[in-house]
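J.: Once you've had a glance at the structure underneath, I'll fire off some questions.
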Amino acid sequence: MVTMISNYSIEELCENNSNLLTSIRAIMLTDIYRTEDTIKKTKYAYGILITFFVFLAFINNFLCLYTLILSKKIRITSLGIYLILYCIVSLITMIGIEIDLINILYFDHNTSSTSYDFFACSFLPVLIISMASVSLWLSTCVAIERILIESSILQLFSSRKHSLIISIFLFLIISLSHIHRIFYRHIITNPLVNNLELCVFTPSSSTKIIDNLVEMLHLLGPCLIHFLCAIWVLFRIVKHKIYLNYHIRTTPTQWLSIWKQQIYNHKDFFIPPLLIIICIMPHVIIFHLLITCSDTLFRMRLNIILNFLVHIPEIFTFVIYIYPSKIYWEQFLQTKFGELLRCYCCFTKVQDRNRKLYFSNNES
């Protein structure tokens, strides 16, 4: 039975530069077994919420892959290759998160074997981090590829070799940049909770500096590229669309409506980068630049929320890549699921029309 130790506090662990509360797995376990009265409730809360988001990720990525693979127009392009790989990597990441959750809730405090410790403590967390980084960089490849096509530097249906080579290069480089974490993850006894072992990342001081730089690169690098791509699209809109209309005697109101219309027309360019930046930057600013250790219960749970927020783009792949794009959405509507959706929409429209006719006849 796990119970709290009274002669330690969360604040004291942070003051002593403990690595205990820098790991999300450790934070979740400490939160779950913080008091005996709330163990079941906290377990259910984490289990239901994370499993729900993993389910959403499965639906979104399945529909995204279903559309991309069935549509020859998409899968023969470099963009299609990047998006297919992005969905596959996102699925691997979310499945890894669900397996990690199951380990945390049911096996970490009951299982003690060398092979399990290596899988649950060293291999799986590093795999999740690596795949999350790969998905972020693949999303930047999508953004850059769109810019190059829009600039006529690349053709939409040009050879896919460069996309495959770049993707393989990303997998190798990012995996190598995280592989050192496997050797610095260890099992320790939790100072806060009796009979509970935790997996923590305990690098040397020099390794920790390099690891922080690598992690910031994998987080801020994609954000910067997405931001620059969005700025470039805005520049193109101003130069080729709005500027031309501005000199044709348009009023300020008309000019503003042109702005809104052009941004709406290019929403498939803006939605992915905006969502990625919004989801990543709070985590970077709060828990990499301002706070180094979660020294209160609120900060512990905020750390978990912001860490999970980083995975939101991987969860809603269909919403950010297929739905906003006219071409991709049309290809989806040609699939069986798309046909079912159109039938359902037609059915609801007929029902609404009949309902309106019924009420109008009754009123008359």
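From the backbone N, Cα and C atoms, a Cβ is placed for every residue, glycine too.
Keep in mind it's a predicted model, so treat the numbers as computed, not measured.
As annotated in TrEMBL:
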| type | residues | note |
| --- | --- | --- |
| DOMAIN | 60-321 | domain 'G-protein coupled receptors family 1 profile' |
| TRANSMEM | 44-69 | transmembrane segment |
| TRANSMEM | 81-106 | transmembrane segment |
| TRANSMEM | 118-144 | transmembrane segment |
| TRANSMEM | 164-184 | transmembrane segment |
| TRANSMEM | 216-235 | transmembrane segment |
| TRANSMEM | 269-292 | transmembrane segment |
| TRANSMEM | 304-323 | transmembrane segment |
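Thinking about packing and proximity, how do these listed features fit into the structure?
T.: Sequence-distant contacts of the transmembrane segment (81-106) (same chain, six or more residues past either end, CB-CB distance under 8 Å): 25, 28-29, 32, 43, 46-47, 50-51, 53-54, 57-58, 61, 64-65, 68-69, 74-75, 120, 124-125, 127-128, 131-132, 134-135, 138-139, 141-142, 145, 160, 163-164, 167, 311, 314-315, 317, 321.
Residues 23, 25, 79, 82-83, 85-86, 89-90, 92-93, 96-97, 99-100, 103, 107-108, 111, 163, 166-167, 170-171, 174-175, 177-179, 181-183, 185-187, 199, 218-219, 221-222, 225-226, 229, 269, 272-273, 276, 280, 310-311, 313-314, 321 of the same chain lie 6 or more positions beyond the ends of the transmembrane segment (118-144) yet place their CB under 8 Å from a CB of it.
Residues 81-82, 85, 122-123, 125-126, 129-130, 133-134, 137-138, 141, 201-204, 207, 211, 214, 218 of the same chain sit 6 or more residues outside the transmembrane segment (164-184) yet have a Cβ under 8 Å from a Cβ within it.
Residues 133, 136-137, 139-140, 143-144, 146-147, 150, 174, 177, 266, 269-270, 272-274, 276-277, 280-281, 283-284, 288, 310 of the same chain sit 6 or more residues outside the transmembrane segment (216-235) yet have a Cβ under 8 Å from a Cβ within it.
Residues 22, 136, 139, 142-143, 146, 212, 215-216, 219-220, 222-223, 226-227, 229-230, 233, 263, 299, 302-303, 306-307, 309-313, 316, 320-321, 324 of the same chain, all 6+ positions outside the transmembrane segment (269-292), place their C-beta atoms under 8 angstroms from a C-beta of that stretch.
For the transmembrane segment (304-323), the list of distant contacts is 24, 27-28, 31, 50, 53, 56-57, 59-61, 63-64, 67, 83, 86-87, 89-90, 93-94, 97, 132, 135, 139, 142, 219, 268, 271-272, 275-276, 279-280, 282-283, 286-287, 329, 332: same-chain residues at least six beyond its ends, Cβ to Cβ under 8 Å.
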